[in-house]
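Asks: Shown below is the structure under consideration.
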(Lines of atoms letter the chains of each structure in order from A and count residues from 1; the text may use other names and numbers.)
(Lines give C-alpha, C1' and ligand atoms only; values in the text may rest on other atoms or scores of the structure.)
Protein backbone atom coordinates (compact mmCIF):
# COMPACT_ATOMS: atom_id res chain seq x y z
CA UNK A 1 0.00 0.00 0.00
CA UNK A 2 1.25 3.46 -0.84
CA UNK A 3 1.46 5.99 1.96
CA UNK A 4 1.23 9.08 -0.24
CA UNK A 5 -1.66 11.50 0.11
CA UNK A 6 -2.42 13.78 -2.83
CA UNK A 7 -3.47 17.32 -1.90
CA UNK A 8 -5.07 18.86 -4.98
CA UNK A 9 -5.95 22.53 -5.30
CA UNK A 10 -7.97 24.29 -7.96
CA UNK A 11 -8.05 27.73 -9.55
CA UNK A 12 -6.61 30.80 -7.88
CA UNK A 13 -5.21 28.92 -4.89
CA UNK A 14 -1.75 29.73 -6.22
CA UNK A 15 -2.60 33.24 -4.97
CA UNK A 16 -3.35 32.06 -1.44
CA UNK A 17 -2.04 34.65 1.02
CA UNK A 18 -2.37 37.45 -1.56
CA UNK A 19 -5.93 37.20 -2.90
CA UNK A 20 -8.78 38.23 -0.58
CA UNK A 21 -6.87 37.65 2.68
CA UNK A 22 -9.96 38.74 4.61
CA UNK A 23 -11.58 35.50 3.38
CA UNK A 24 -8.65 33.14 2.84
CA UNK A 25 -6.05 34.42 5.31
CA UNK A 26 -2.41 35.35 4.87
CA UNK A 27 -0.79 31.92 4.71
CA UNK A 28 0.37 30.60 1.35
CA UNK A 29 0.06 27.29 -0.45
CA UNK A 30 3.67 26.60 0.60
CA UNK A 31 2.48 26.96 4.22
CA UNK A 32 -0.32 24.48 3.53
CA UNK A 33 2.18 22.00 2.11
CA UNK A 34 4.59 22.41 5.03
CA UNK A 35 1.86 21.99 7.64
CA UNK A 36 0.29 18.99 5.90
CA UNK A 37 3.66 17.30 5.39
CA UNK A 38 4.35 17.61 9.12
CA UNK A 39 0.98 16.09 10.05
CA UNK A 40 1.39 13.26 7.55
CA UNK A 41 4.95 12.49 8.68
CA UNK A 42 3.73 12.06 12.28
CA UNK A 43 1.55 9.21 11.00
CA UNK A 44 4.11 7.68 8.61
CA UNK A 45 2.63 9.21 5.45
CA UNK A 46 3.87 11.71 2.87
CA UNK A 47 2.04 14.33 0.82
CA UNK A 48 2.18 15.46 -2.77
CA UNK A 49 0.70 18.92 -3.26
CA UNK A 50 -0.52 20.04 -6.68
CA UNK A 51 -2.29 23.21 -7.80
CA UNK A 52 -3.67 24.10 -11.20
CA UNK A 53 -5.95 26.69 -12.70
CA UNK A 54 -6.87 24.13 -15.39
CA UNK A 55 -9.57 21.52 -14.93
CA UNK A 56 -7.93 18.88 -17.14
CA UNK A 57 -4.67 19.06 -15.20
CA UNK A 58 -6.57 18.33 -11.97
CA UNK A 59 -8.33 15.41 -13.65
CA UNK A 60 -4.93 14.09 -14.77
CA UNK A 61 -3.65 14.24 -11.18
CA UNK A 62 -6.67 12.31 -9.93
CA UNK A 63 -6.02 9.67 -12.60
CA UNK A 64 -2.38 9.47 -11.50
CA UNK A 65 -3.50 9.14 -7.87
CA UNK A 66 -5.32 5.90 -8.74
CA UNK A 67 -1.91 4.19 -8.78
CA UNK A 68 0.17 6.49 -6.59
CA UNK A 69 -1.96 7.64 -3.63
CA UNK A 70 -3.83 6.07 -0.75
CA UNK A 71 -6.13 9.09 -0.44
CA UNK A 72 -6.94 12.54 -1.79
CA UNK A 73 -7.57 15.86 -0.09
CA UNK A 74 -9.09 18.19 -2.67
CA UNK A 75 -9.96 21.86 -2.66
CA UNK A 76 -11.43 22.22 -6.15
CA UNK A 77 -12.10 25.93 -5.53
CA UNK A 78 -14.48 27.29 -8.21
CA UNK A 79 -14.60 23.86 -9.88
CA UNK A 80 -16.48 22.62 -6.79
CA UNK A 81 -19.66 24.07 -8.21
CA UNK A 82 -19.18 23.30 -11.91
CA UNK A 83 -17.02 20.28 -12.63
CA UNK A 84 -18.65 17.00 -13.50
CA UNK A 85 -15.27 16.00 -15.01
CA UNK A 86 -13.57 16.21 -11.60
CA UNK A 87 -16.46 14.31 -10.01
CA UNK A 88 -16.18 11.56 -12.64
CA UNK A 89 -12.42 11.30 -12.10
CA UNK A 90 -12.89 11.07 -8.32
CA UNK A 91 -15.49 8.34 -8.83
CA UNK A 92 -12.77 6.29 -10.55
CA UNK A 93 -10.47 6.66 -7.50
CA UNK A 94 -10.96 3.87 -4.96
CA UNK A 95 -9.38 5.46 -1.88
CA UNK A 96 -10.83 7.99 0.54
CA UNK A 97 -11.48 11.57 -0.58
CA UNK A 98 -11.89 14.58 1.69
CA UNK A 99 -13.20 17.84 0.22
CA UNK A 100 -11.67 20.88 1.89
CA UNK A 101 -12.56 24.57 1.66
CA UNK A 102 -10.72 27.35 3.47
CA UNK A 103 -13.81 29.54 3.85
CA UNK A 104 -17.27 28.51 4.96
CA UNK A 105 -18.82 28.23 1.51
CA UNK A 106 -22.31 27.96 3.04
CA UNK A 107 -21.94 31.44 4.51
CA UNK A 108 -21.13 32.95 1.13
CA UNK A 109 -22.95 33.47 -2.18
CA UNK A 110 -25.69 30.94 -2.91
CA UNK A 111 -23.96 29.59 -6.03
CA UNK A 112 -21.18 28.32 -3.73
CA UNK A 113 -23.59 26.15 -1.74
CA UNK A 114 -23.68 23.32 -4.29
CA UNK A 115 -20.78 20.91 -4.64
CA UNK A 116 -20.43 18.20 -7.26
CA UNK A 117 -17.36 16.90 -5.40
CA UNK A 118 -19.43 16.26 -2.26
CA UNK A 119 -21.26 13.53 -4.15
CA UNK A 120 -18.02 11.50 -3.96
CA UNK A 121 -16.29 12.88 -0.87
CA UNK A 122 -16.07 10.76 2.26
CA UNK A 123 -16.01 13.98 4.29
CA UNK A 124 -16.18 17.74 3.79
CA UNK A 125 -14.40 20.46 5.77
CA UNK A 126 -15.29 24.12 5.26
CA UNK A 127 -14.53 27.26 7.20
CA UNK A 128 -11.53 26.04 9.22
CA UNK A 129 -8.99 28.11 7.29
CA UNK A 130 -5.90 26.21 6.22
CA UNK A 131 -6.17 24.16 9.41
CA UNK A 132 -8.90 22.31 7.52
CA UNK A 133 -6.21 20.78 5.32
CA UNK A 134 -4.43 19.43 8.40
CA UNK A 135 -7.68 17.95 9.72
CA UNK A 136 -8.31 16.39 6.31
CA UNK A 137 -4.82 14.85 6.22
CA UNK A 138 -5.33 13.39 9.71
CA UNK A 139 -8.59 11.80 8.59
CA UNK A 140 -7.09 10.43 5.37
CA UNK A 141 -4.21 8.92 7.38
CA UNK A 142 -6.74 7.23 9.64
CA UNK A 143 -8.84 5.93 6.75
CA UNK A 144 -5.80 4.69 4.83
CA UNK A 145 -4.57 2.90 7.95
CA UNK A 146 -7.90 1.10 8.19
CA UNK A 147 -9.53 3.31 10.84
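Each Cβ is built from the backbone N, Cα and C atoms, and glycine gets one as well.
As listed in Swiss-Prot for this protein:
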SITE      19  site 'Transition state stabilizer'
ACT_SITE  24  active site, proton acceptor
BINDING   75, 81, 88, 102, 103, 112  substrate binding site
ACT_SITE  101  active site, proton donor
Asks: Which entry in the list of recorded positions, 19, 81, 101, has its Cβ near the fewest other Cβ atoms, using 10 Å as the limit?
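Replies: Relative to the other recorded positions in 19, 81, 101, 19 has the fewest Cβ atoms within 10 Å.
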Asks: Please list, in sequence order, the residues in the chain of residue 102 (substrate binding site) that are at least six apart in sequence and whose C-beta is under 8 Å away from its C-beta.
Replies: 16, 23, 24, 25, 75, 127, 128, 129, 130, 132
Asks: Tell me which of the recorded positions 81, 88, 101, 103 ends up closest to residue 19 (site 'Transition state stabilizer') in space, Cα to Cα.
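Replies: Closest by Cα: 103.
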Asks: A 10 Å Cβ contact count, applied to the binding-site residues 75, 103: which residue has the minimum?
Replies: 103
Asks: Determine, to the nearest whole angstrom, how far the Cα atom of residue 88 (substrate binding site) is from the Cα atom of residue 101 (active site, proton donor).
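Replies: Taking the Cα atoms only, residue 88 (substrate binding site) lies 20 Å from residue 101 (active site, proton donor).
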